[in-house]
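Pulled from Swiss-Prot:
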type     : residues               : note
ACT_SITE : ASP81                  : active site
ACT_SITE : GLU176                 : active site, proton acceptor
BINDING  : HIS79, ASP142, ASP199  : Zn(2+) 1 binding site
BINDING  : ASP142, GLU177, HIS381 : Zn(2+) 2 binding site
Amino acid sequence: MKEELLKRFTKYVKVDTQSNEESKACPTTPGQMELANILVTELKEIGMQEVTVDEFGYVMATLPSNTTKEVPVIGFLAHLDTATDLTGKNVQPQVHENYDGKDIVLNKDLNVVLSPKQFPELADYNGKTLITTDGTTLLGADDKAGITEIMVAMNYLINHPEIKHGKIRVAFTPDEEIGRGPERFDVEAFGAKYAYTMDGGPLGELEYESFNAAGAKITFNGNSVHPGTAKNKMVNAVKMAMEFNAHIPKDEAPEYTEGYEGFYHLISLNGDVEQAKAYYIIRDFDHLKFVERKTHIASIAKELEEKYGEGSVELKLNDQYYNMREKIEPVKEIVDIVSAAMRNLDIEPKISPIRGGTDGAQLSYKGLPTPNIFGGGENFHGKFEYVALESMVKATEVIIEVARLFEEKE
């Protein structure tokens, strides 16, 4: 199993599937369709049935039931795209066998070092096989580890018919990282009663709560005048943006929050005297606090527009997804069965809220309750991203055990 996981994973991460928020297409980048087509071929090769990919890059396939019992159809999902935070082009995965607990030099020329001083959780991986970047790209374990684990689990079940299971559906979706994954996902065609995203982090993670999420695009329209004659005429759009940000509570940012604490996050700010643009994301687990955060953003925009004149501040505020706990708690047994599967494999479940989002958050609101299971990766979205091969083995085994337990309990 280890060899197959390593071979598939290192193949998939070399396909550049970074999504693009500026694109209106679906998928937003051609690399995602390239990987989708690769997976379609491989799904057919291992013996999956009803293998399809649509024009938008959604891959679906079926592993038929091998039991006479009436077992609910379950699904496993992972996303094709990688994050926009750092390039996913020319990923060169590095394999470090029998990790010794010391610094790992990712890139000598650029002096990029993965160090337990900065990332103390590395101590958990002594003796393990780590797959890292070369220090110039992200790795793409988010979520190609999940894709790999689903592929290997399905191949294992096909080759081990003694493990009884109901009908299993798998899906690989585009553009999750920019919040569009479920937009064109056909829940009815997928046909599962419950599903799981393999999109979590370290070993044991199990999540069924997510942020409520919104995005705020703000355009500041200034007035550029020659600085020599600018008195009482110039309006500096960049300074307007800075003034806007000064109204955001500085301790309510990602770098100062954890657990159930929400935040405002300034993703980007660019512009000049004439015009500046800022993009914030707004996150909170509590719906009332989420609404209050959006109201605060809107009130700052209104206040500044009143100060600088009509049309000086333009705000576009849109909800992205909601906390999936509301949709999963009524069917909490689907979380409990994963906890049982993990314990059967000597994994201690670590149930915590997702300080982020998965396709499962939106899918749960489309009628498909979808908790999130660990994929094994650490330090997602950056050059220090890595995954332990042994964690990928465990995630694969969890998929297999969940399928077995669903059949056993009927």
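A Cβ is built for glycine as well, from the same backbone N, Cα and C atoms used for every other residue.
Not measured: the values here are computed from a predicted model.
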Quick check for you: of the recorded positions HIS79, ASP142, GLU176, ASP199, which have their Cα within 10 Å of the Cα of HIS381 (Zn(2+) 2 binding site)? ASP142
List the binding-site residues among ASP142, GLU177, ASP199 whose C-alpha is within 10 Å of the C-alpha of ASP81 (active site), in sequence order, or say none. ASP142, GLU177
Provide the number of Cβ atoms within 10 Å of the Cβ of HIS381 (Zn(2+) 2 binding site), excluding the reference atom itself. 16
If you draw a 10 Å sphere around the Cβ of ASP199 (Zn(2+) 1 binding site), how many other Cβ atoms fall inside it, taking every protein chain shown into account? 30
Near Zn(2+) 1: residues not in HIS79, ASP142, ASP199 with Cβ within 8 Å of the site Cβ centroid are ALA78, ASP143, GLY146, GLU176, GLU177, THR197, MET198, THR358, ASP359, GLY375
Measure from the CA atom of the residue listed as 'active site, proton acceptor' to the CA atom of ASP199 (Zn(2+) 1 binding site) and give the result in Å, rounded to a whole number. 10
Where GLU177 (Zn(2+) 2 binding site) and ASP142 (Zn(2+) 1 binding site) are concerned, what is their Cα separation in Å, rounded? 9
Can you list, in sequence order, the residues of the same chain other than ASP142, GLU177, HIS381 whose CB lies within 8 Å of the CB centroid of the Zn(2+) 2 site? THR82, ALA83, THR84, ASP85, LEU138, ASP143, PHE380
Neighbouring CB atoms within 10 angstroms of the CB of GLU177 (Zn(2+) 2 binding site), all protein chains considered, total 27
ASP142 (Zn(2+) 1 binding site) CB neighbourhood, other CB atoms within 10 A: 27
Cα distance (Å, whole number) from ASP142 (Zn(2+) 1 binding site) to GLU176 (active site, proton acceptor): 10
ASP81, GLU176 as active-site residues, winner by CB count within 10 A: ASP81
